[in-house]
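Reading through the C-alpha cells given below for one structure.
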Amino acid sequence: MDADDTPPNLQISPTAGPLRSHHNTDGHEPNATAADQQERESTNPTHGCVNHPWANPSTATCMESPERSQQTSLFLLKHGLTRDPIHQRERVDVFPQFNKPPWVFRISKLSRLIVPIFTLNEQLCFSKLQIRDRPRFAGRGTYGRVHIYPSSKIAVKTMDSRVFNRELINAILASEGSIRAGERLGISSIVCLLGFSLQTKQLLFPAYDMDMDEYIVRLSRRLTIPDHIDRKIAHVFLDLAQALTFLNRTCGLTHLDVKCGNIFLNVDNFASLEITTAVIGDYSLVTLNTYSLCTRAIFEVGNPSHPEHVLRVPRDASQMSFRLVLSHGTNQPPEILLDYINGTGLTKYTGTLPQRVGLAIDLYALGQALLEVILLGRLPGQLPISVHRTPHYHYYGHKLSPDLALDTLAYRCVLAPYILPSDIPGDLNYNPFIHAGELNTRISRNSLRRIFQCHAVRYGVTHSKLFEGIRIPASLYPATVVTSLLCHDNSEIRSDHPLLWHDRDWIGST
C-alpha cells in the first residue's frame with residue numbers, strides 16, 4: 001500500500017462481549033409503513049435540524065460527487081475489495097472503506113419533533129465483503145463470531161440476525177460519538193464502526209494488536225518494567241475515563257460492559273509493550289440513558305428520498321434492566337451491590353437509566369480494570385501467588401447472589417488499604433477507601449450484616465499476610481491514584497475530581 005492508503009493499525013477483541021441473549025429486536029421494523037413514509041415526505045427536511053445535537057447544516061447532503069466516488073472505487077479495487085451495489089444507479093458503485101469515516105449519520109428531518117430521522121453514511125453500507133486476505137478466526141460468542149484480516153487490519157463480526165439490528169444501532173450511535181469526541185475534545189479512545197452489511201449481518205471494526213487481558217499476561221512475564229510504561233498506563237486510563245464520560249454525558253450512551261476484554265490496544269512494539277492506542281469497544285450492552293435524544297430515532301439507509309432500509313431504535317434500548325446492570329456483578333460499585341443486597345434503589349426502578357448512575361457504573365468498572373492491570377500485570381513477580389481483585393466466581397457457580405455481593409464488598413474493604421494510596425496530590429482531606437465498619441452500617445438486615453462481618457474477618461485472617469507482601473513501585477503511584485479515584489465510594493468523586501480532568505503534570509512525563 002502507498003503511505004496515504006494505509007488504514008489505521010487497529011483489532012477487535014476475539015472475546016469482546018459475546019452476543020447476549022437479552023437483546024430483543026422486536027422494536028425494529030425493516031421497512032417503514034406507508035403512513036410513516038407519507039409523514040416523512042410531508043415533513044420539512046431542514047426544520048429543527050440546527051438545534052439537534054447531531055445536526056450539521058454545512059454538510060446537508062449524504063451523496064458524494066461522481067469524481068470522489070470514482071476515486072473511492074479505484075482505491076478499493078486496487079486492494080481487492082468488491083461488493084454488489086445496494087441499489088442500481090448510474091454513477092460508479094461505492095465500496096466499503098477501511099479508514100475512519102468523517103461521519104456516520106446526519107439529521108435528515110424531524111417527525112413530530114421527538115422522532116429524529118437520520119441518513120446513514122452510504123459509504124459504510126456494503127452487500128458483500130471480498131478481501132484478498134486470509135482471515136484468522138478470533139473467537140465465537142453466543143450469537144456471533146469474529147474473524148481478523150491481518151493485512152487489511154480489520155475485524156469482521158458476523159452476528160445472529162436476532163441481535164444484529166440492536167448492536168448495529170448501538171455501534172452507529174457510539175461511532176458518531178467517537179467522531180465528535182475526536183473533533184471537539186481530541187478524545188480518540190472510542191472504537192469507530194468502519195462498515196456494516198445488512199445482508200450478511202456483519203460489522204466491520206478496526207483491528208488492534210491485543211486487548212487488555214492479553215496485555216496483562218504479556219506484562220506479567222516481563223522481569224523489569226521501565227518507569228515510563230507505568231506512567232503511560234495511568235495516562236491511558238485517564239483517556240478512557242474521558243471517553244466514557246463523553247459517551248454518557250454528551251451522547252447519552254452507557255456502556256455497561258467495561259472490562260479488560262473490551263479495551264483494545266496497539267503497542268509501540270511487543271518488546272517494549274508501550275501502549276500507543278487504547279480504545280473502549282464492544283457495544284453489545286450499550287443502553288441509552290436519560291441524556292439521550294435518540295430514544296425514538298430512525299435511521300435510513302440509501303437515498304434520503306427513497307431509502308432502501310429503515311432502522312428504528314427499539315423501545316427497550318432505553319429501558320433499564322437491573323438484571324442487565326448486574327450482569328458483571330463483581331465490577332459494580334458499592335451502591336449498586338447494596339441496592340441488590342437491600343432490595344432498594346435501582347432494584348425497584350423501571351424507567352430510563354439515569355445518566356449519573358450509568359456514568360458511575362462505567363467509571364467504577366474502568367477502575368476495576370486498572371486494578372486488574374496492577375495486580376495481575378505488575379505485581380505477580382513479588383508475591384508467592386497471584387492477588388486477584390475479587391473473590392473467585394467458581395465458589396458461587398459463576399452466578400451473582402447476595403452472598404457473593406457481600407463477599408465481594410468485604411474482600412474490597414480488606415484489600416484496598418494495601419493497594420490504594422493513603423493520600424493523593426493536592427487533596428489533604430481525601431479518604432481513599434471505605435472501611436468495613438462504615439459499609440456494614442449501610443446493610444439493612446441484621447442477618448446480612450453478620451454474613452458481611454464474617455467475610456471481612458475471614459479475609460483479614462486468611463489474606464492479611466499475603467497482602468502485607470505487596471510493594472507498590474513508586475512508578476505505579478499515578479496508576480494507584482487513578483484507581484482510587486475511579487473506584488471511590490462517592491460516585492461524584494469518580495466523575496468530577498480535578499485530578500481526572502486538569503493538568504496531568506502530577507503523573508510525570510512518559
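Note: Cβ is positioned from N, Cα and C throughout, glycine not excepted.
Here's what Swiss-Prot has on this protein:
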| type | residues | note |
| --- | --- | --- |
| ACT_SITE | D257 | active site, proton acceptor |
| BINDING | A138, G139, R140, G141, T142, Y143, G144, R145, V146, K157 | ATP binding site |
| DOMAIN | 132-458 | domain 'Protein kinase' |
| REGION | 1-63 | region 'Disordered' |
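Over all protein chains present, the Cβ of A138 (ATP binding site) has 19 other Cβ atoms lying within 10 Å. Taking all protein chains in view, 21 other C-beta atoms sit within 10 angstroms of the C-beta of G144 (ATP binding site). G144 (ATP binding site) sits 17 Å from D257 (active site, proton acceptor), taking the CA atoms of both as reference points. A138 (ATP binding site) sits 20 Å from the residue listed as 'active site, proton acceptor', counting Cα to Cα. In this structure, D257 (active site, proton acceptor) belongs to neither helix nor strand by DSSP; it is coil.
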